[in-house]
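Presented below is the structure to which this report refers.
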Amino acid sequence: MPKRTDIQSILILGAGPIVIGQACEFDYSGAQACKALREEGYRVILVNSNPATIMTDPEMADATYIEPIHWEVVRKIIEKERPDAILPTMGGQTALNCALALEKHGVLAEFGVEMIGATADAIDKAEDRSRFDKAMKSIGLECPRADTAKSMEEAYKVLDMVGFPCIIRPSFTMGGSGGGIAYNREEFEEICTRGLDLSPTNELLIDESLIGWKEYEMEVVRDKNDNCIIVCAIENFDPMGIHTGDSITVAPAQTLTDKEYQIMRNASLAVLREIGVETGGSNVQFGINPKDGRMVIIEMNPRVSRSSALASKATGFPIAKVAAKLAVGFTLDELMNDITGGATPASFEPTIDYVVTKIPRFNFEKFAGANDRLTTQMKSVGEVMAIGRNQQESLQKALRGLEVGAAGLDEKVDLDAPDALTKIRYELKEAGAERIWYIADAFRAGMSVDGVFNLTNIDRWFLVQIEELVKLEAEVKAGGFAGLNQDVLRKMKRKGFSDARLSKLLGVSENEIRRLRDQYNIHPVYKRVDTCAAEFKSDTAYMYSTYDEECEANPTDKDKIMVLGGGPNRIGQGIEFDYCCVHAALALREDGYETIMVNCNPETVSTDYDTSDRLYFEPVTLEDVLAIVRVEKPKGVIVQYGGQTPLKLARALEAAGVPVIGTSPDAIDRAEDRERFQQAVQRLGLKQPDNATVTAIEQAIEKSREIGFPLVVRPSYVLGGRAMEIVYDEQDLRRYFNEAVSVSNESPVLLDRFLDDATEVDVDAICDGERVVIGGIMEHIEQAGVHSGDSACSLPAYTLSQEIQDKMREQVEKLAFELGVRGLMNIQFAVKDNEVYLIEVNPRAARTVPFVSKATGAPLAKIAARVMVGQTLEQQGFTKEIIPPYYSVKEVVLPFNKFPGVDPLLGPEMRSTGEVMGVGATFAEAYAKAELGCGSVYPEGGRALLSVREGDKQRVVDLASKLVKLGYQLDATHGTAVILGEAGINPRLVNKVHEGRPHILDRIKNHEYTYIVNTASGRQAIEDSKVLRRGALAHKVNYTTTLNAAFATCMSHTADAKASVTSVQELHARVKANQA
């Protein structure tokens, strides 16, 4: 049946900010849904609070609202836009929960809005654990023994039934949030209390443990005529007990017999029918006991998910796009498959003749004190996917694409160390982020496949594959470079060995291996992802490399530009950089260039087969990029858009004769190399905080006496502030050198005078060699010392004088010309006592580019991409800075709730995973919306606790009187209370934890506070007050760790975040009117 004509406009709910467990795969699905529905002629209204997404670009929908995904705000949008239908299956758990709230509060009924894609009942049946259990029993499928509990009392009753170990999961949460595995009563109590607190319905599911079982996922699509297809069967390499988002996964499933596959296939179709998913994609998870083959169903998601993004990229079948069309009445046989150019309908199940491996990317090094063992709560922040002709090639490509410094199965353990075996056994049994490398070490240490299986429960088939790779490495090592003949080298390349890994095994340079390959003419060929195992001709250039005979790349001789993507998401390099890469591809495609994308992140829009003309799904390493350049011969390569990943390759690419366009690699180096940069700064006569570069600890102490404390210390060349700290005295400085870094002539350490209480400012600008245009000046809300990626910011600036801003504009222009920037640049300043200090310059796309583009309506990444290929700013009509007639505030989202034990104090090391944007007529309204967007709801009044550091005591009086005016009663710790008392404000005095009971923590646990302001500096003070911040986090009390944020919060109390809604299109029209 063709599409429905009784609905004209559809509201799509996005997923909001990126958090662990819900990342940019929902930008990919939402963007696809917008495109699919608009090409069918529907009016699309989109709501998403995350500005760093492609789906919130003004061209993607008819009306785009960057507003909080909160049911009261969405009600305002429904009232204004009057959509006929709402599609909630594209925005993850956030969108489902919001849709259920709209249903519950009667909003959908009030405005006559129909839910499409999934009914409220189907969502509820799949999400509500007890209803799901009953439903599965009714169709003869077994679930793990389990029951729900709404209190600790009930939880203990369930425990008697399931026994230890048991798995605890809160209802309606995402990425296993708040869940875990309990092995004893103490852990059981801790996880249950946390889980009851985190579940929006205060309900837990307690399951028997299936630890060590095999885990599978089926991606299923069903239409309203009951046509069903399995898009992909995914097998988890890691067994049950590790969240599937943290597992290495493989597609197609490798260890199922055909009979088992058919049983599972039939079961998944039965699940969709029973739950009532009539239109769209779902993912169904199964566990199989390897001992007796008992199969249980673990859960199903009645929506597009992380796995469906992976399945789409793995097969070339666009699940989200198809699901969106099914939601408006199409059936699978009516839709044509794009990849085969319409030669096959969407009702053909994809078949694949290659192996896909996904490996998660973790960031534990950023969370000191976090438990880094993997459990049922998701902890990874990104993922990489690789495609190969066999499991071994696929795995090794994924390992090098991960960018954790591994070129393959690199050694982790020194096997001669006395505790080597103990260490390996621990790492195999208690899985951490690096288990796969320890498995290889176990084989090197002589363990058998059975020995490894007994510790890991990983299927022996996978272990044999790894064991063989380890044996091959040993043979190659023994044969030496001389023994690397044509046959051996070709065999190693077919098994996925990188040049870098071979060079490490043989002790020669990577270049020598590359020369040898050239001599033997051993080069990769490119095969196409075509959904049909080459049965039909593919129109789509979606390629992966392998060492085979026939190459299917068929390059053209058009003018081509190649964009290098950012690889897997991680903290400090996320979706913002992917956004820039997509914009580069779109802009140059519009201008008639053929665009080529190289990336290996399955979650993103950049790896969608129709974002660029040609997509190479390959690791972003020197070897892989050079191989593609050899085949495609592009006219230019863009390295400034994918963050640090491609930037690191700039010099080596240039040396290999690759045309790197935009700012030259030498200019990039002048900005990143401390000494070269200082020469430029001195030549221009600009101010920097006093600083020094040291190569030994004694030298550091001598310099620190000249500069003075506090100091910011960090190793040179880092992104996202790795190993960066603020030290307050000499003793602290010595500790840093002993614990945090190894300092040497090769790796110097930088010391900078820390400008306490300075205001930090970010500026994005574009230079074409003739003129510099400022994209936006953003004033940070958190003071200097908080990493710019973790600070909220306002555009336009909300306190800076015109004079200071003009000083910055002048300096930006000088710097751009001095460094020879062609394209984007980002500059960070600090303002203190009316002086402007230069902190750093990055001649590349920064993470603020999407936010500035949304706030001003100027697509900076597109404009700069055109500058790189030679268009001037004047030709593009972008010649002056746009200052919008409204305020936009960017606020960040932090993942501390996933890492109990980590201090949530903000500092110079970046730890946020995502961002939201709020827009308002005043700064207060914009800030209030941004806070609501990241889920902080500040109650009116109540009791506030103030405990601040020495340097903040002057300003705390002002803050206290503002809080009193807002109706708060105040508590304060001793030092703060004295200052307030002198000013005539008398707070209740409370004890610090070591001062006797009842102390602060008791009061937090009793829910006495609605707001906490706690600032601390100096090692000891930070350590002492950590319990207060952890307590606030654990008991969901709103807290701020900087005074600036506290003042901004007070201001936001004067505005109503839910009062008005404005679309991006309306905002940009206002900007244009204002310009005129």
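Glycine residues also receive a Cβ, built from the backbone N, Cα and C atoms like all the rest.
Among the features that Swiss-Prot reports, domain 'ATP-grasp 1' is placed at 133-328, with the record citing sequence analysis.
Contacts of GLU299 (Mn(2+) 1 binding site) defined by a Cβ separation under 8 A and a same-chain sequence distance of 6+ are given as ALA126, PHE132, VAL284, GLN285, in order along the sequence. Positions annotated as Mn(2+) 1 binding site by Swiss-Prot, on the basis of sequence analysis: GLN285, GLU299.
Summarising the annotation, Swiss-Prot assigns Mg(2+) 1 binding site to GLN285, GLU299.
Look at Swiss-Prot and you will find 678-869 tagged as domain 'ATP-grasp 2', backed by sequence analysis.
Taking Cβ-Cβ distances under 8 Å and a sequence separation of 6 or more, the neighbours of GLN828 (Mg(2+) 3 binding site) in its chain are GLU760, VAL761, ASP762, VAL763, SER788, LEU838, ILE839, GLU840, VAL841. The Mg(2+) 3 binding site annotation in Swiss-Prot covers GLN828, GLU840.
The Mn(2+) 3 binding site annotation in Swiss-Prot covers GLN828, GLU840 and is backed by sequence analysis.
Neighbour count (other Cβ atoms within 10 Å of the Cβ, all protein chains): 15 for GLU840 (Mg(2+) 3 binding site). Sequence annotations record features per position, and here Swiss-Prot assigns Mn(2+) 4 binding site to GLU840, ASN842 based on sequence analysis.
Reduced to three states, the DSSP call for ASN842 (Mn(2+) 4 binding site) is strand. What Swiss-Prot records for GLU840, ASN842 is Mg(2+) 4 binding site.
Annotation comment: Swiss-Prot describes 936-1076 as domain 'MGS-like', evidence class sequence analysis. Model confidence over the domain 'MGS-like' (936-1076) stands at 90, taken as the mean pLDDT rounded to a whole number.
Contact check: the domain 'ATP-grasp 2' (678-869) against the domain 'ATP-grasp 1' (133-328) gives fewer than three Cβ pairs closer than 8 Å, residues 6 or more apart, which falls short of the contact criterion. A simple way to gauge crowding: the CB of ASN842 (Mn(2+) 4 binding site) has 19 other CB atoms within 10 angstroms, across all the protein chains here.
Cβ contacts within 10 Å of GLN285 (Mn(2+) 1 binding site), excluding its own Cβ and spanning all protein chains shown: 20. Note on the domain 'MGS-like' (936-1076): DSSP counts are 72 helix, 22 strand, 47 coil.
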